[in-house]
Amino acid sequence: MGGRYKIAVLPGDGIGTEIVQVGVAMLEAAARRFDFAFDFEEAPIGGAAIDATGEPLPAATLELCKASDAVFLGAVGGPQWDTLPSDKRPEKALLGLRAGLGLFANLRPARILPQLVAASALKPEVVEGVDILVVRELTGGLYFGIPKGIFPEKKGGRRGVNTMSYSAFEIERIGRVAFEAARERRGKLCSVDKANVLEVSQLWREVLVGLAPEYPDVELTHMYVDNCAMQLVRRPRQFDTIVTENMFGDILSDEAAMLTGSIGMLPSASLGSGGPGLYEPVHGSAPDIAGQDKANPLAQVLSGAMLLRHSLRQPEAAQAVERAVQTVLEQGYRTGDIAAPGAQIVGCRAMGEQLLAAFERA
């Protein structure tokens, strides 16, 4: 397959350093097997960057990311930085990174692996076989629309205002990402909106319907957001790929995530138009277990598989990494967060060793 790729590695805070080490090792193993190469370059972000430079996202870190083929991020944040002004906290680095890289599409898979069906809060017969991808628009909608703020009223009192706003262009570009993703999966795309009430959702639906003829191999359906929230719990297997606006996606992706039983298993990708994508686990920095070799690296490893698939167009390598994850789970290895009766509990490093062994044996 060939090719040499530059990856910006941002371990961040808490367990970030531990899980990123495992993720990088798996990427290196994939490169060896599938005949391509990586140049990894590490940079600080979040609290680690604040301690080193005074800024959560140093200019040098952002420039490295812009010059890379993809960005591989661990996690940011921790209680020692909670007293800082809001614009100086570690989490602000993520917003700056998304804006600086022009990322507008967030992809969050929620897949129930057969070995972890019992970890879900729902009955096995409800969640068995669930494999959902939520495509969330990241840069528009209620979180960013103008006007916004808290304003005085003429007769006294105050009024809070937020605006849900989308242009047809913004809807079309997220729609294309979703159609392409659905085409690579099972060919079913559910667009989630509130078109029975909101004009912005009526435009959303109109644009998605207009795109559909370009993707005749993808079945497009529509669902109101309140019904979707119910159906995710009632009959989640009906969904393949979901596309929705920012706030709806924020809520629904978290709901879909909890079908799986452990947030420690969930990867994510944030994509733009042609530049580097950002790949990170959904979970946070878990400062309470940092440095104790207790972290679950599987979400980081699966984020690496998404990096291989979406930014590097190496689908066979991505599948091989995902198979290694399934293999170690089949063998009974678990970190503490996904422990089950009869399982062999291992730490982060040992899980990484088992992953590499499974990958090399396959």
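Including glycine, each Cβ sits where the backbone N, Cα and C put it.
From a predicted model like this one, the values you see are computed outputs, not experimental measurements.
Look at Swiss-Prot and you will find 78-91, 284-296 tagged as NAD(+) binding site, backed by sequence analysis. Residue density at Lys294 (NAD(+) binding site): 18 other Cβ atoms are found within 10 A of its Cβ, drawing on all protein chains shown. The DSSP secondary structure for Lys294 (NAD(+) binding site) is coil.
In the three-state DSSP assignment, the secondary structure recorded for Arg98 (substrate binding site) is helix. Residues or ranges marked as substrate binding site in Swiss-Prot: Arg98, Arg108, Arg136, Asp226.
If you draw a 10 Å sphere around the CB of Asp254 (Mg(2+) binding site), it holds 15 other CB atoms from the protein chains shown. As annotated by Swiss-Prot, Mg(2+) binding site applies to Asp226, Asp250, Asp254, with the evidence given as sequence analysis.
Within 10 Å of the C-beta atom of Tyr143 (site 'Important for catalysis') sit 15 other C-beta atoms, taking all shown protein chains into account. Annotated site 'Important for catalysis' per Swiss-Prot: Tyr143 (among others), in sequence order.
DSSP classifies Lys194 (site 'Important for catalysis') as coil under the three-state reduction. All protein chains shown were included, and the count of other CB atoms within 10 Å of the CB of Lys194 (site 'Important for catalysis') stands at 18. Here Swiss-Prot flags Lys194 (among others) as site 'Important for catalysis', drawing on sequence analysis.
Cα of Asp226 (substrate binding site) to Cα of Lys194 (site 'Important for catalysis'): a span of 8 Å. For the pair formed by Arg98 (substrate binding site) and Tyr143 (site 'Important for catalysis'), distance between Cα atoms is given as 14 Å, rounded to the nearest Å.
Inclusion criterion for the binding-site residues Gly78, Asp82, Ser86, Pro90, Arg108, Ala290: a C-alpha placed within 10 angstroms of the C-alpha of Asp254 (Mg(2+) binding site); this criterion is met by Arg108. There are 26 other Cβ atoms within 10 Å of the Cβ belonging to Pro90 (NAD(+) binding site). Counting other CB atoms no more than 10 Å from each candidate's CB, the binding-site residues Ala286, Ala290 peak at Ala286.
Contacts of Gly78 (NAD(+) binding site) defined by a Cβ separation under 8 A and a same-chain sequence distance of 6+ are given as Asp13, Gly14, Gly47, Pro90, Ser285, Pro287, Ala290, in order along the sequence.
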